[in-house]
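J.: Questions regarding the structure given below will be posed in turn.
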Amino acid sequence: MFDVTLLILLGLAALGFISHNTTVAVSILVLIIVRVTPLSTFFPWIEKQGLSIGIIILTIGVMAPIASGTLPPSTLIHSFLNWKSLVAIAVGVIVSWLGGRGVTLMGSQPQLVAGLLVGTVLGVALFRGVPVGPLIATGLVSLIVGKQ
């Protein structure tokens with residue numbers, strides 16, 4: 001039996017490799033393995049908890065320099081005294097807000113995920129972009145199409 005979904009996943013994984021977007025390629029390959037093995041019974045759990053677990057892991061990665069001491073408290077304190085750091089803080093707040101909107105929109109309109117994934121891969125492949133922020137991208141989409 002011909003599995004169109006598997007073919008689409010393989011195509012997206014290939015685009016990930018072609019565009020040097022290892023994160024997307026590996027993620028899709030993991031999902032392919034889950035799909036073609038008995039692990040597929042975990043898809044409901046992955047769909048329900050995957051985004052939250054991913055955000056937790058991402059937050060751990062972002063906070064690690066503070067926890068390890070690589071980013072000393074003095075640097076954090078000085079970030080409130082420099083105008084460039086204040087701009088960075090403001091942008092961080094805006095991006096976090098957009099990411100929150102993105103999570104909401106991805107949950108209510110999951111059909112957007114494929115378009116965002118293709119757009120991310122094309123941006124990396126054609127414009128030497130960096131594959132960051134599908135949640136932020138979805139947040140921007142929510143500003144255009146409305147948060148539903």
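Just so you know, glycine gets a Cβ as well, placed from its N, Cα and C.
Annotation source Swiss-Prot lists transmembrane segment at 14-34, 51-71, 86-106, 112-132, citing sequence analysis.
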J.: Using a Cβ cut-off under 8 Å, which residues of the same chain at least 6 positions beyond either end of the transmembrane segment (14-34) come close to it?
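T.: Long-range Cβ neighbours of the transmembrane segment (14-34): 6, 40, 42-43, 46, 117-118, 120-122, 124-125, 131.
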J.: So if I exclude everything within five residues of the ends of the transmembrane segment (51-71), which remaining residues of that chain have a CB under 8 angstroms from its CBs? That is, six or more out.
T.: 103, 106
